[in-house]
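Visitor: This structure is in structure tokens; I'll ask about it shortly.
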Amino acid sequence: MTTEITPVIPVPERAARVFTALAAVATAGTALTAWTWTADFPGDLTFYGSPAGLQWLTLTGGLITAVLTLARYGIPGLRWTSPAGGNNGILLAALGTAAVSWFAIIAIAVDLGGLANLEPGGWLAGLTSLLAVTGALGLPLDRRTADSLGKPNYWWLLAGVVGYAVHHLITRTLRLAKIERKLPPARELPSWAEVLLIIAAFAVGLFAITFGIDTEYGELFTGYLILAGFTVAALAKTGLLQRLRALTVKHRPVATGAAFSAAAAFPFTQTSDQYTSVAANILIFATVALGLNIVVGLAGLLDLGYVAFLGVGAYAAALVSGSPASPIHVAFPFWAAALTGAAAAMVFGVLIGAPTLRLRGDYLAIVTLGFGEIFRITMNNLNGTTGPNVTNGSNGIPRIPDLQILGFDLGKKHLVGGIELGRFSNYYLLMLIITAVVVLVFARVGNSRIGRAWVAIREDETAAEAMGINGFRLKLLAFALGACLAGLAGTVQAHVSYTVTPDQYTFAEALPPNSAFLLAAVILGGMGTISGPLVGATLLFLIPKKLEFLSNYQLLAFGIALIILMRIRPEGLIANRRNQLEFHEPVIPAQSAPEDAVPLTKAGA
Amino acid sequence: MTTTTAPAPTGTTLLDVRGVTMRFGGLTAVNNVDLTVSEGEIIGLIGPNGAGKTTFFNCLTGLYVPTEGTVSYKGNLLPPKPHRVTQAGIARTFQNIRLFANMTVLENVLVGRHSRTKEGLFSAILRGPGYRRAESESHDRAMELLEFTGLAAKADHLARNLPYGEQRKLEIARALASDPGLLLLDEPTAGMNPQETRAAEELVFAIRDRGIAILVIEHDMRFIFNLCDRTAVLVQGQKIVEGDRETVQNDERVITAYLGAPLEGTGAAASTEADQ
């Protein structure tokens, strides 16, 4: 692929730059006008001089575009935002702003019934944001050369004329390409300053995520996702994210500490329990996804019934919680309940793993899928009529009492530093500790003799065995450890959700956690990484939660989104170094002979 | 197998293969093969394509369970489990390179240390002093092996990104990491140019100098006859001859096996074969 640095619209660079900057500032300015005349649109965009709802997003996007444009002038104090250089980041930011503004315009027109409901301010926002995009197209961009394009791809006609037109526009007219730019060496800063930078970055991250979780209506959340996606892509292009990553690698303990402090600070930003309950459930989902990442991402065992282990943990905790519906009338303290849940899940993992782990690949996936369903059906049948009464069948185990830890009642409100923390905040903080434990286990085991053996088994089980690795035993260990961590999360989940029923643990459903979403969180976020499943789980939990208006089309939209993502970023949102190289680096011919020349299976197996 | 003019083994016997037969349904891939390897020996295994050489290797390393016969190492019967064979002290490479392609060069060799280290799950989580010591020892040993094979400069590269010849070397380094007494090389010079082949020869001698016996499958006859103390010829699953260079080169059956019976063939063909 040959590349060039040329504008899409041939105009003088200086003119394009001035134009883009002015248009971006103007776009930000339109957020101060009224976009619609009635307060019926959620967020109330009728005020002059005070942005609200979606207008905040346009304001942010416009300002980011303006800052990135000005940074390319070399203005001191702004240059740090664009260390790598190149103008593609500006275009992405401008596109994001335009997308958000036009999304707002269309949402207003659809919600209120007609474009007549737009005030001039709304039109102005749409116009200026498009002007900013036009200006950015006049900047010299990293593109493929016209003669390096292959034949046009008519398959896109299957997606309709519009689909083909969009495809044509992107690949033929824009021809954006990726040019690797070496980051100039970072300015030497005293380490306290670098630590402050990391803390500031995580504070911004906390703010951005809190904004996303706190969005009150689907339109705002959609706009937030659009802007966040484009902004992250833009900052990745300008090299700012790379800089930050280098900093966090340099000060890893500080970065980890800052990440957890930011997460722990979340309940203190909330005034009610409405969103801390969402956050607590996100953490449960994310922790289980991280556990699954050991099984799938490290050991390469495709487990489609993983949610059963969460269920085992939750049921075990519910049975020993002292719930009046539990046939065992005991109330364990939390530490004992957590151990019980984790141990029960681990035993279940070994029981399922021992017979199934002799299978490879697709067969294992099918068998685990079956076991996941067997768990749910068994829990349904242990109801006193079709089996012994252990789980109350489909009614589940209700009225699970709140946890008491060291005399601290997690069900009650507490004042901490003048801020009231409600029930879900308490559970959120407890869950955060468990997440930290799982992160620690993942990080340490992943980079050890055991973790290397897992990766070796994933890469080539026959060769791994020939290196002295007992494949079956190590796969069983991965299965058991993954199950144990999921069970640990399950013990908290039982208390957070008051009730444990079999139908919480299905293979696929519109709402997480279920096995399909867990796997999707791991793959979408990035296999084999720590932050990947956490990010993936957060997105996959928030999107269905916030976009309930999609209702019946949720799974369809989810499927389409997954296909698009796998097409453009097969290694997941956050790639580990290995996968990044695996998917995007030209392979030097190595494995010349076909794989099947040496038989893969044992004789007689 | 009839004429066995092998010199009496000097050191103690490492590998003792007796009557190994491998049948796949009606096909007998390896038929009643005996072989011994003594300490410090380099033994060659040659034969036309499909003669059963790799199948024989797989029987030795536990990938296949031989239909009949026994394999013992240092007097102990080997269990037909690849990881236990490696644990016992036999390491191997593969005919088609089977590296852990998406692990780094160093990690590949560290995986080879697996059978000689013991640190389990809990010591990995707790990271006590014992764990750190074992990890750093493994690391040093792996780096030493990478120095030995000349790959130290590329320790942090992904294995898949190495050029072909270096991938072969890495496979050997990975096998050596398990501190084997016997190394099985399956066509170590396949696809190499003459210079690389010569370098491979030197590497094999250097490995022998570390006190490791070697059993090598190869098609490059010059390579085999330069290296090996003894060479066994496998044809259609049977060992037809075993012995030193002259014995093998002058054996009628070997020539027949490679070139066919000299009915309409000319002598010229036979003489080029003898050299190649």
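Keep in mind that glycine also has a Cβ here, set from the backbone N, Cα and C atoms.
Copying in the features that TrEMBL gives for the protein in this structure:
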TRANSMEM  A:15-35  transmembrane segment
TRANSMEM  A:56-75  transmembrane segment
TRANSMEM  A:90-110  transmembrane segment
TRANSMEM  A:122-141  transmembrane segment
TRANSMEM  A:191-209  transmembrane segment
TRANSMEM  A:278-299  transmembrane segment
TRANSMEM  A:306-326  transmembrane segment
TRANSMEM  A:332-354  transmembrane segment
TRANSMEM  A:361-379  transmembrane segment
TRANSMEM  A:427-445  transmembrane segment
TRANSMEM  A:516-543  transmembrane segment
TRANSMEM  A:550-568  transmembrane segment
Visitor: What residues in the same chain, six or more past the boundaries of the transmembrane segment (A:427-445), come closer than 8 Å to it by Cβ-Cβ distance?
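Guide: Hits for the transmembrane segment (A:427-445): 260, 263-264, 266-267, 276, 279-280, 283-284, 286-287, 290-291, 293-294, 403, 405, 410, 421, 451, 481, 485, 488-489, 492, 495-496, 530.
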Visitor: If we skip the immediate neighbours and take only residues 6+ beyond the ends of the transmembrane segment (A:278-299), which ones have a Cβ under 8 Å from one of its Cβ atoms?
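Guide: Apart from its flanks, the transmembrane segment (A:278-299) reaches 213, 266-267, 306-307, 309-310, 424, 427-428, 431-432, 434-435, 438-439, 442, 445-446, 451, 454-455, 457-458, 474-475, 478-479, 481-486, 488-490, 492-493, 496, 512-513, 517-519, 521-523, 525, 527-530, 532-534, 536-538, 540-542, 545.
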Visitor: Please determine whether the transmembrane segment (A:90-110) and the transmembrane segment (A:15-35) are in contact (criterion: at least three Cβ-Cβ distances under 8 Å, sequence separation 6 or more).
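Guide: By the criterion, they touch.
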Visitor: Restricting to the same chain and to residues at least six past its boundaries, which positions have a Cβ under 8 Å from a Cβ of the transmembrane segment (A:516-543)?
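Guide: Beyond its ends, the transmembrane segment (A:516-543) has Cβ neighbours at 209, 212-213, 221, 225, 278, 281-282, 285-286, 288-290, 292-293, 296-298, 302-304, 306-307, 439, 442-443, 446, 455, 507-509, 558, 562, 565-566, 571-576, 578-579.
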Visitor: Using a Cβ-Cβ cut-off of under 8 Å, list the residues of the same chain that are 6+ residues beyond the ends of the transmembrane segment (A:56-75) and lie near it.
Guide: 17, 20-21, 24-32, 81-82, 85, 87, 89-90, 93-94, 96-97, 100-101, 104, 125, 128-129, 132, 136, 220, 223-224, 227, 230-231, 234, 238
Visitor: Which sequence positions outside the transmembrane segment (A:15-35), separated from its termini by at least 6 residues, show Cβ-Cβ distances below 8 Å to it?
Guide: 7, 9, 45-51, 54-56, 58-59, 61-63, 65-66, 69-70, 72-73, 90, 93-94, 97, 101, 104-105, 108, 118-122, 124-125, 128-129, 131-132, 134-136, 138-139
